[in-house]
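Below: one structure, written as structure tokens.
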Amino acid sequence: MDIQIYTAAKLGNTALFRQVVNQDYYRLLKVTPQGNTAMHVSVRFGHIELVKEVYAALVLQHNSSLEGDTDYSRSLSLLTQVNSVGDTALHIAAKQGHVSIAEFLIQKILPHWYSDHDIEVARGKIRMRNNSNYTAIHEAIRMNDLEMVKTLIKAEPDSWRPIFDADVEAHGGPHGRTALHEAVIEEHPEVVEILLQKKGRELVNKVDENGRTALHYAASQICHSIVQQLLRHDTYSAYQLDEDGLSPLHIAALKSSISVLIELIQCCPDAGELLDKNGRNVLHFAVMSKDSKKIRFILKQPELKELINQADVDGNTPCHLAAKEGSSRIMGYFYYTSRLDLRATNNNGQTAADIIDWTPIHEGEFLTLFRLALLFLYRWQYLARSGEEKWMIRGASEDQIGTTDPNKQAEAAKPEAAKSEIPQHQKEMGNTLQIVASLIATVTFTAVYQVPGGYNEDGTLKLLNNPSFQNFLQYDALAMSLAIISLFFMFLAPVGGKYFYSASFKVASSLIWGALICTSIAFFEGYRAVLPPCGGLFCLSSRHANKYVSAIKITIISYIFFLSLLGLFMSIAFWKSRFIRSRYAKFKRSLKDD
């Protein structure tokens with residue numbers, strides 16, 4: 001582009017522009033490396049007077065008359081020339097937010113005579129798309145420029161068929177999205193309201209190339225007000241499924257906030273009956289989101305309570321999915337629902353309790369105790385509710401098992417008691433563990449009444465204000481608590497079968513290790529409490545006494561902690577190796593049978 005033309009367009013210097021054009025008009029026709037004309041540059045910098053000068057110069061030079069179709073088309077081609085990315089001057093005005101320039105451009109594009117030919121030409125120019133398939137109104141929506149959107153929508157005379165009809169039809173933008181889609185995605189409630197007022201019912205139900213309406217996109221956002229706006233105009237889109245079989249309610253349950261989910265269910269309560277391609281309902285998706293608030297709200301709705309026992313194509317109910325996720329909190333919500341069917345099995349013949357039993361314990365998960373206690377409740381309720389029907393569900397008939405494998409038939413033919421029988425060596429280890437736990441509980445309980453230092457004449461403790469004595473009491477109480485909890489697990493272990501027994505044994509073992517550590521620390525703190533200030537086994541000198549005691553304490557704790565980790569690792573490795581060996585033996589038998 002000519003440097004003087006560019007400078008005039010950048011600075012809005014109309015005098016310099018006229019001088020250059022009068023000297024050599026063809027200098028006006030040069031463009032920048034990106035294909036921007038003088039009109040593009042002047043619009044970008046927002047100089048309305050220079051835009052008018054450029055337009056006047058173009059029309060004057062070509063001797064264009066707005067009365068003739070040919071001349072009118074020629075003037076439009078100059079006014080709406082595109083750059084390398086397909087932007088017209090109107091696109092740039094919409095991007096930069098220059099409302100007055102956009103009004104001027106639209107005024108010049110619109111014909112003064114209402115011939116059919118002129119109307120069609122003007123409509124095509126205003127609806128021109130850039131290389132990204134965006135029109136000017138799409139650009140205004142993306143920039144959240146409310147005034148520009150109003151200007152572009154209200155541009156045409158009342159006697160016209162609305163110019164922007166095509167902009168808001170099904171394939172108005174990229175990926176088949178309408179202007180309403182773009183406004184929702186960009187989260188512009190004001191723009192959404194304008195578009196709905198213009199063509200509300202038609203826009204709300206339009207789908208893009210993925211089969212998604214504007215409500216689908218609104219459901220995935222956290223903008224509650226936009227969801228309200230769309231539902232207020234029409235609720236039909238709440239029942240539409242996209243190409244993946246997802247409704248807006250499914251998407252809200254999986255991705256959005258609880259407020260959006262509540263709005264959709266309150267406006268369209270029967271939308272909860274919709275299923276995706278995998279047969280999953282809204283409660284399935286709420287479980288997959290791991291949002292306990294959504295799950296609680298759905299379970300409280302009378303019309304949605306039946307969803308708790310509804311299975312997908314794999315036979316998994318929402319309770320099965322919660323068990324796979326290993327979420328104790330969500331499983332707790334399901335347990336206290338009266339309509340829950342604990343006997344429901346998936347296509348693999350597993351109940352929710354079976355899945356909990358086989359779900360791996362995550363590293364550092366302190367909710368394992370609650371998970372195992374919850375599993376016990378599930379097992380207990382399962383036995384109480386099932387009775388003879390449990391044997392029927394796990395019976396040995398070929399029709400129910402669905403297999404002709406001799407090994408599986410032989411396994412299925414075994415009595416139920418034989419399948420769940422606890423191995424003898426595990427029972428012996430469990431009995432030993434109970435004895436150890438009982439001893440720890442007894443010793444720590446007795447230590448509270450045989451405290452170090454004794455009592456004063458008035459019955460108060462002599463070492464009550466001693467920090468080491470206070471630590472002794474705390475660790476002693478913790479050791480006794482861990483021992484009692486481990487006894488609780490071992491008492492309940494036989495109820496749930498061999499797998500539950502094995503899991504309970506591992507947790508109880510970990511608790512016993514913790515109790516032993518606390519007992520050792522309690523002994524050390526009690527011994528330290530009764531030592532004289534400068535004497536005894538751990539006091540070499542008054543100067544180094546505290547440092548020496550702290551070092552010994554840390555060493556003992558570290559040593560015991562290492563032993564506890566080693567024991568836990570060995571127990572898990574032993575259990576895993578037995579499981580792998582049993583799987584390998586079954587695999588070898590299957591090869592021999594083949």
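Each residue, glycine too, has its Cβ placed from N, Cα and C.
Per TrEMBL, the feature repeat 'ANK' maps to 85-108, 175-198. Per TrEMBL, the feature region 'Disordered' maps to 398-423. If you look up TrEMBL, you'll see 411-423 marked as compositional bias 'Basic and acidic residues'. Per TrEMBL, the feature domain 'PGG' maps to 426-527. What TrEMBL lists as transmembrane segment is 433-452, 472-493, 505-524, 556-575.
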Long-range Cβ neighbours of the transmembrane segment (433-452) (under 8 Å; 6 or more residues past either end): 461, 463, 469, 472-473, 476-477, 479-480, 483-484, 486-487, 490, 505, 508-509, 511-512, 515-516, 519, 522, 526-527, 529-530
The repeat 'ANK' (175-198): DSSP-derived helix, strand, coil residue counts: 19 helix, 0 strand, 5 coil
Per-region confidence, the repeat 'ANK' (175-198) (mean pLDDT, whole number): 82
DSSP-assigned states of the domain 'PGG' (426-527) in counts, ordered helix, strand, coil: 85 helix, 2 strand, 15 coil
Residues of the repeat 'ANK' (85-108) by DSSP state, where helix covers H, G and I: 18 helix, 0 strand, 6 coil
